[in-house]
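Since the structure comes first, as structure tokens, the remarks are kept for the end.
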Amino acid sequence: MCLEPLKYQIFLYFICAFQNISCGIHYLASVFLTVSPRHICRPPGNMSQVLFRNISSWRSEDIWTLFSTGHEDRLVVQLQDGDIWELTKCHRFWRDNKSSLNYDYTGHKTSFPCSDGYMYDKSKWNSTVVTEWDLVCNREWFARLIQPIFMLGVLLGAVIFGYLSDRIGRRLVLWSTSLGMIFFGVAAGFTFDYYSFMAARFLLAMAAGGYLVVVFVYVTEFIGLKSRTWASIHMHSFFAIGAMVVALTGYLVRTWWIYQIVLSTMTVPFVLCCWMLPETLFWLVSEGRYEEAQQVVDTIAKWNGTSSCKLAELLSLDLNGPVGNKPTEVKKHNLLDLFYDWNIGTRTLTLWLIWFTGSLGFYSFSLNSVNLGGNEYLNLFLMGAVEIPAYVFVCVGMNSLGRRNILAFSLISTALICGVIMVIPNDYHIWSVGATMAGKFAIGAAFGLIYLYTAELYPTLVRSLAVGSGSMVCRVGSIVAPLCVSLSSVWIFMPQLLLGIVAFVSGVLTLMLPETLGKPLATTWEEAAKLDAAKDSSSGELLPTANSTALEEREVIHSEDAGLSE
């Protein structure tokens, strides 16, 4: 057939997948943008001598390695005018007695705020967003808002551009969001205050979120049924490569605005090639633009070295097919339809919890990688690299062991691994990183599978709505994840405890869902409700109905992938 997935479709797939790397970059760039190095109050004048415990120095830069992690160390400095100050992370104290410079002082001292700014440890980073605008102490929450606000922008962008892609076409949205990613990404590096930086990052998030939603639909509308599952799941692999690029760039570039600009240039190759992307046949046909659709068919055939086919003949054949040529009345559905009855409603709530858990775990493991000890750049690189075999595991396992079993195994494994991480001593960095990689593997497998599994659990008329609503809940998880990671300041293992509890509950509830392996896509509520009672035949497949066979060809593209986003 003229539309089988040959070299032209493969070419389009890798162009679009390359841009997914940029999405992964921007989603996780804040890991190093918001690094908060060791800091201490700046004294109101030039220092002539520095004293830390029993060690005296002429430069404050020499004492950072002596500071204890998690302890409120203080620095005693003497200024050129003779004043002696005690400096801590968020306060400074002026000593009344200037006669002697000693570390332990019992005399009277007056507290002052850090109105002259802070001194930062620059051994790892020359500057970050935190050091640029002093987002520490009473302004620390400004830094903690950077990633949640970004994810809120992703949520808004997914909704807006997902809607626009159905109105103005997939290609135009891919172009505009890609241009937006490079423009707002570079603009964020040239901002001069915190609020303009947040605005640029928010618009960047909208563009990245919009691209990631639409690209899944675009790719699957060009990929045949045989390769669609592998192609859609492995789009996540390119997102994982983005995390690896962030780690490498963070290691090489230690100034935040240069780091931001370098990461944003990853979009340039796609922008130079995106003019070659055609509009999808499915959208053109749905809009009645048959001549343009025929031109796309001819282009595909020319690239693949095959004979073209007449689109009008295919459409005529489809209209006279088993579904019948009687037009069906299109009915709009809303969120309440996902609670059709008690069983379907319970299924919806369970799946929403799984979506939330998958996103919460995915970003918690990635964002927390810099807190594991050892080399934080290598940690993040490994967190990205371990996702790729996780997606291979999903593709192989779901067709042999079943969707439900793989999903439940992944979630419960995530919970158990969180428990293991909590009992590993803090000094065992390698063990902590290894266990966290295992956790990222498990939650990555669950995260990659939930899209397809959700689509298979609902009938055609609400399938897009089900996946789209799950994706919205997924965004809530990504917004909560950085806030969850910040709870490590309360207790170092608080993120793992919360994630472990949620993952275990999700895994147990997953076992109560029906298996969809080998079963035809449901076209009615009755068929969806019967999934719980349906039994596999000896071959592991049920004979699909005429309706399900025909509808799958035309609607599974949109329903399986609508609203997909990391």
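Counting begins at 1 with the first residue displayed.
Positions of Cβ are set from backbone N, Cα and C atoms, glycine also.
Record features, source TrEMBL:
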type	residues	note
COMPBIAS	551-566	compositional bias 'Basic and acidic residues'
DOMAIN	95-518	domain 'Major facilitator superfamily (MFS) profile'
REGION	532-566	region 'Disordered'
TRANSMEM	12-33	transmembrane segment
TRANSMEM	145-165	transmembrane segment
TRANSMEM	172-192	transmembrane segment
TRANSMEM	198-219	transmembrane segment
TRANSMEM	231-251	transmembrane segment
TRANSMEM	257-277	transmembrane segment
TRANSMEM	349-365	transmembrane segment
TRANSMEM	377-394	transmembrane segment
TRANSMEM	406-424	transmembrane segment
TRANSMEM	430-453	transmembrane segment
TRANSMEM	465-485	transmembrane segment
TRANSMEM	491-513	transmembrane segment
Segment-level pLDDT (mean, integer) for the domain 'Major facilitator superfamily (MFS) profile' (95-518): 85
Seg_contact(the transmembrane segment (257-277), the transmembrane segment (145-165)) with at least 3 CB pairs under 8 angstroms, min sep 6: no
Beyond the flanks of the transmembrane segment (12-33) by at least 6 residues, Cβ under 8 Å: 125, 128-129, 146-147, 150, 154, 174, 178, 181, 185, 204-205, 208, 211-212, 215, 218-219, 222-223, 231, 234-235, 238-243, 245-246, 250, 256, 259-260, 263-264, 266-267, 269-270, 273-274, 276-278, 366-367, 369-370, 380, 384, 482, 566
Top Cβ-contact partner of the transmembrane segment (377-394) among 198-219, 231-251, 406-424, 465-485, 491-513 (pairs under 8 Å): 231-251
Stretch-level contact, the transmembrane segment (406-424) and the transmembrane segment (349-365), CB cutoff 8 A, at least 3 pairs: yes
Surrounding residues of the transmembrane segment (349-365) on its own chain - C-beta under 8 Å, 6+ positions past either end: 383, 407, 411, 414, 436, 439-440, 443-444, 446-447, 450, 453-454, 457, 466, 469-471, 473-478, 480-482, 484-485, 495, 499, 502-503, 505-506, 509-510, 512-513, 566
Cβ-based contact of the transmembrane segment (172-192) with the transmembrane segment (231-251), 3 or more pairs under 8 Å: no
